[in-house]
Amino acid sequence: MPGSGSGGLRSAPLAAHVLQSPPPWNWYAKDITVKGLEVIKQCSRVYLEAYTSILTVGKEALEEFYGKELILADRETVEQEADTILKGAHQCDVAFLVVGDPFGATTHSDLVLRAVKLGVPYRVIHNASILNAVGCCGLQLYNFGEVVSVVFWTDTWKPESFYDKIAKNRRNGMHTLCLLDIKVKEQSLENLMKGKKIYEPPRYMSVNQAAEQLLAIVQNRRLQGEEPEIAGNTICVGLARVGAVDQKIASGTLQEMTTVALGDPLHSLIITGTLHPLEVDMLKLFAVDKSIFEHMAE
C-alpha cells in the first residue's frame with residue numbers, strides 16, 4: 001500500500017517566490033512530490049484523508065491534476081473501516097493521501113500496522129508538514145521542544161495538560177509548537193447517546209481562542225499560588241495557512257495573540273522559549289507592534 005504526502009504545504013527547493021499574479025487553478029495540486037504523483041498514477045484506488053487537516057485545493061482540482069478519481073476517507077472510514085481501504089491491496093496498488101506528512105496522526109500508523117498484519121507491503125512517500133514548515137517564522141527548528149495539541153474547552157471539560165508541557169519546554173529554554181484543535185464530522189453527546197448519525201458543523205480553533213485558553217490557565221495557576229512559566233507578555237507567534245499564497249504570520253505577546261487577525265484556518269501557535277538574536281531579528285519582521293516587541297525580546 002503505497003502512501004503519499006499531499007496538500008497544503010509547498011516543498012519546492014526555492015527559498016522564496018514572489019507571486020506577481022493570482023496562482024493558477026492547479027497551483028496547490030502541485031504540492032505533491034514527483035515520486036508521489038508517479039505512485040498515484042500507478043494505483044487502482046486512491047484515498048484522500050479528509051479530517052486531520054484542510055486542503056488548500058478542491059478535490060476536483062486534485063482529480064484533474066492526478067488523472068485519478070479520489071475516494072474521500074473521513075475519520076469514521078479510517079478508524080472503523082480500515083479493512084475496506086486495504087481490501088484487494090495484495091493484487092493491486094492502493095494509495096492513501098495525507099495533507100502534510102503521512103505520520104502526522106496516530107490513525108495513519110494504525111493503517112500501516114494493519115497492512116503489515118495482513119501481509120500487505122507498503123511504501124511511504126514523505127512531504128512537508130507544519131512540523132518543519134513552521135521554520136518560516138524565523139525560529140530555529142532545533143530549538144523546539146515537545147509539540148502539544150490545544151483542544152477546545154467545553155463548559156464541563158477544561159483540560160490543562162498541554163500547559164504543563166509548554167511550561168516544561170519553557171524551563172528548558174525551548175519553543176513550543178501548539179497544534180490547534182480541529183472538529184470535523186463530530187457528534188454531540190446527545191446524538192451520540194441516541195445513536196443518531198447527526199454531525200456538528202466543522203470547527204477549527206483560532207490562535208485567538210488558544211491564547212485565551214492559555215491566559216485562563218495562567219490565571220488559574222496564579223490563584224493556586226503558582227508562578228506560571230508563561231504570562232500575558234510572553235513572546236508568541238501566530239501562523240495561519242502556512243504554505244498558501246495568503247499565509248499569515250504574526251509575532252507578539254500572548255495577550256496580543258487574543259486579538260490578532262489571521263483570517264481563515266488552519267492556525268498554529270508558537271510559545272517561544274529562549275530567543276537567539278537571529279530569531280529575534282526574524283520575528284521583528286512579523287511583529288504586531290514593533291516597539292513593544294523589541295522591548296519584550298531584549
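Sequential numbering from 1, following the chain as shown.
Just so you know, glycine gets a Cβ as well, placed from its N, Cα and C.
S-adenosyl-L-methionine binds ASP101, GLY104, SER129, ILE130, VAL242, HIS267 as TrEMBL records it, and from the list LEU48, LEU55, LEU180 the residue named for this site is LEU180. Counting every protein chain shown, the number of other Cβ atoms lying within 10 Å of the Cβ of SER129 (S-adenosyl-L-methionine binding site) is 23.
According to DSSP, ILE130 (S-adenosyl-L-methionine binding site) is assigned to a helical segment. Within 10 Å of the C-beta of GLY104 (S-adenosyl-L-methionine binding site) we count 18 further C-beta atoms, all protein chains included. Under the three-state DSSP scheme, LEU180 (S-adenosyl-L-methionine binding site) falls in the strand class.
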